[in-house]
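**Q** I'd like to ask some things about the structure below.
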């Protein structure tokens, strides 16, 4: 009797272990989204606080948090800096663990107003949840004074979705304002600007070369500040205009138009045509400048301010490009600061010439035209950045490749005129850089390497519950595998790249009907399908037998490598 009881216990333990090993291996370890990311909120008058308690082993994506007010106006929330996170498919991002509190200022809320909060997260084990949306009822709040003052300018967060992260246009622009300083210094060495510095220096000093070094430095600095004032004002005006038309400036047709303008500005730097103010206006501004008295702080400052309005053919294109660039940001600080640093960069060589004389200036020559051409390539980087938003990442990579090949190819050809021996090493570097930049174009024209063009499973796409029922009915006695996929699911992409492409997996699935549902949009049909299948998150792969019934303990949640998945298939489909 004791022997039989012991045998039954061993059989039970063996069956339990087998189910744990080959069955629904990950389904029990993942909790519903409400438990993984417990959401709560509190409102006190104008201050609303959104709280998340994040279960250990789970995290929220910073860039996936959005708020959408209805019958209310809220200030754009500022999320705290998250923990750096990187994966193969989505690159660098920021995540939150443990707990998160986000303060939101409610500027105005009518009775019955609500705030929809959308968020998304994953488990560290490679399991991602669909975007979750919670509706927060808002207590009625009277408009603040700032809202009343700006009633003519609706808040960006009024009645439209606001993504509360650093993905605003100002944050995603490719260059920081510091680059404007370097661009200004570079423009100073173009053929239209550099030869003018000795003349401008003499005008600033009022023809008196007996001034002390301190006095000369002061006058030169004042002149540069006058020029910087004009440029800063231009930056503020353009950034403010960009702020008023922020949404329009992000539409595809505007981005394409701006890109075309940037290309024209670059062509002017290549010498195809001359771009400058009308001669009559330049003459009038020059006469105004000549009436100022050099050698005096007030007169020098006025000359600098007027000089900021007189654009030479070499400065018009870079200045126009920077102005259009900061209009994309709608950021007043960025607009004013960028143009100030640009003017400061142009003024630094003038300060050196005024204080130390012409001996610090390099000799004029063809190299100045090459500097001007190089800035044409810098301007061409801006349309590539803008078009990348419209055309998508693959075409963006190809455009960057074309620009890189063009720049390094031009630099290589230009360097062939050099006679110094050390330039041979530079030529090798330039040629190598051009070849590296050409790689995306080679892959596009001649096809990706064979190793990357692996055969993938031929899925039949379904979108609704009815599609699933029809596909199961038409399976004709074959087993069915349903793969639930979404673009925001990292492990789904890992399945696609590493598991489904493996020969042993494809052999194990031979004879099975392969279905796939893309639930990226999280639409009503997607939600209904996930609810019907009782799916918490992705990746989830479900197996059905020849009668259309789900195979017990066959469901896979979380990533599986090819050998483990092939073993699972043999145990469930055979």
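The first residue you see is number 1, and the count goes up from there.
Just so it is clear, glycine is given a Cβ too, placed from its N, Cα and C backbone atoms.
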**Q** Which of these ranges is annotated region 'Disordered' in Swiss-Prot: 124-146, 147-169, 170-192?
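**A** Going through 124-146, 147-169, 170-192 one by one, Swiss-Prot flags 147-169 as region 'Disordered'.
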**Q** Which one of 333-353, 438-458, 459-479, 480-500 shows up in Swiss-Prot as transmembrane segment?
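**A** Result: 333-353 is the stretch Swiss-Prot calls transmembrane segment.
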**Q** According to Swiss-Prot, which stretch among 218-238, 281-301, 512-532 corresponds to the feature transmembrane segment?
**A** 218-238
**Q** Could you give the number of helix, strand and coil residues in the domain 'Thioredoxin' (430-574) as assigned by DSSP?
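**A** So the counts come to 65 helix, 24 strand, 56 coil.
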**Q** What Cα-Cα separation, expressed in whole Å, is found between residue 128 (disulfide bond) and residue 492 (disulfide bond)?
**A** 9
**Q** Where else in the chain does the transmembrane segment (218-238) make close Cβ contacts, counting only residues six or more beyond its ends and a cut-off under 8 Å?
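**A** Distal contacts: 200-201, 204-205, 211, 295, 297, 300-309, 319, 322-324, 326-327, 332, 335-340, 342-344, 346-348, 350-351, 354-355.
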**Q** Taking only the Cα atoms, work out how far residue 489 (disulfide bond) lies from residue 122 (disulfide bond), in Å, as a whole number.
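**A** Cα-Cα, rounded: 9 Å.
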**Q** Using DSSP and collapsing to three states, where does residue 122 (disulfide bond) fall: helix, strand or coil?
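**A** Strand, per DSSP.
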**Q** Expressed to the nearest Å, what is the distance separating residue 122 (disulfide bond) and residue 492 (disulfide bond) at their Cα atoms?
**A** 12
**Q** Quick one: of 122, 128, 489, 492, which of the disulfide-bonded residues has the smallest count of other CB atoms within 10 A?
**A** 128
